[in-house]
Amino acid sequence: MHLQFLGTGAGTPSRERNVTSIALDLHGVRNATWLFDCGEGTQHQILRTPIKPGRIEKIFITHLHGDHLFGLPGLLTSRSMNGCVEPMTLYGPAGIKTFVETSLSLSGSWLTFPLEIIEISAGEVFQDAHFRVTAYPLTHPVECYGYRIDELDKPGALDAQKLAAHGVPAGPHFYQLKQGRSVTLDDGRVINGWDYVGSKIKGRSLAIFGDTSPTAAASELAAGVDIMVHEATLEVAMEEKANGRGHSSTVQAARVAQQSGAKKLIITHLSSRYLHHDCERLLAECRAVFPHTEMAHDFALFPC
């Protein structure tokens, strides 16, 4: 899996950064992409990547501010105009359903694919055989969430040598044994799969924050994650201004990573006031608190 940042700016686009959108490529688990936020111009950014709109199976919106949302109608209708019939699920705060339906209705647009819209509240919003996604409330002028993505633990490796030593022949029953099931052999012996399976392989975990000032939910949202994505709208000298608008400073993002035990912090959602030559200074502010910090830029890739 990997994250690709499609937009890393805050509020308005700049020549260097588009507004917010992040793609999570699930390659290695399944042939699909999840999108987190969809600011204006996201579909233009996608055209410059290998991402296929038809393979975007889920979109998670953190909140309904335009720089996280206004690219959604265009992406949905373009996906439809390209003849896509693969279903999609859209998650977001209350009002997301009205926004999409009104945009489509007023523009005389329609979709060629099934779109399920789920208006979320805090708590688990999705789980299947591979992943669990949980929403956490953040502190912002409008209802806003951060999403924690946990890959479920996988069964450990099957010890084929141990099985052979115990006279268990290879065959289709190896799959059942790897799942921890019991299998009855032709000679009548009952073999318990858990006796031959190694320790579970821990799944990966990510925390993707929406816009927020310091909030109580942050430590649980990001507890022990492999990658934490957090906004750093303004530098530490402008922290009071950032907090007054429901945002965080560089140092505040780094403190969340430090206190939650995250392994890596990626900062994004930078004010358009900052140009390329400012980035090293902002990154240094974070690394002074949390050394394992990276700064996202548009189209940056980070393995998960």
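Every residue, even glycine, has its Cβ placed from backbone N, Cα and C.
Just so it is clear, the model here is predicted, and its values are computed rather than measured.
The active site, proton acceptor annotation in Swiss-Prot covers ASP67. Under the three-state DSSP scheme, ASP67 (active site, proton acceptor) falls in the helix class.
For HIS63, HIS65, HIS140, ASP211, the entry in Swiss-Prot reads Zn(2+) 1 binding site, with the evidence type sequence analysis.
Cβ environment of HIS269 (Zn(2+) 2 binding site): THR8, GLY9, ALA10, THR20, ASP211, GLU231, ALA232, THR233, HIS247 lie under 8 Å away, each six or more residues apart in the same chain. HIS269 (Zn(2+) 2 binding site) falls outside any helix or strand according to DSSP and counts as coil. Sequence annotations record features per position, and here Swiss-Prot assigns Zn(2+) 2 binding site to ASP67, HIS68, ASP211, HIS269 based on sequence analysis.
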Given the Zn(2+) 1 site HIS63, HIS65, HIS140, ASP211, its other Cβ neighbours within 8 Å of the Cβ centroid, in chain order, are THR62, LEU64, HIS68, LEU138, PRO141, VAL142, CYS144, GLY210, THR212, GLY246
Note on Zn(2+) 2: the CB centroid of ASP67, HIS68, ASP211, HIS269 has further same-chain residues inside 8 Å, namely ALA10, GLY11, VAL19, THR20, ASP37, GLY39, THR62, HIS63, HIS65, GLY210, GLU231
Filtered by Cβ under 8 Å and at least 6 apart in sequence, the residues in the chain of HIS140 (Zn(2+) 1 binding site) near it are HIS63, GLY210, ASP211, THR212, SER213, GLY246
With neighbours defined as other CB atoms within 10 A, the best-packed of the recorded positions ASP67, ASP211 is ASP211
In all the protein chains shown, the tally of other Cβ atoms within 10 Å of the Cβ of HIS63 (Zn(2+) 1 binding site) is 23
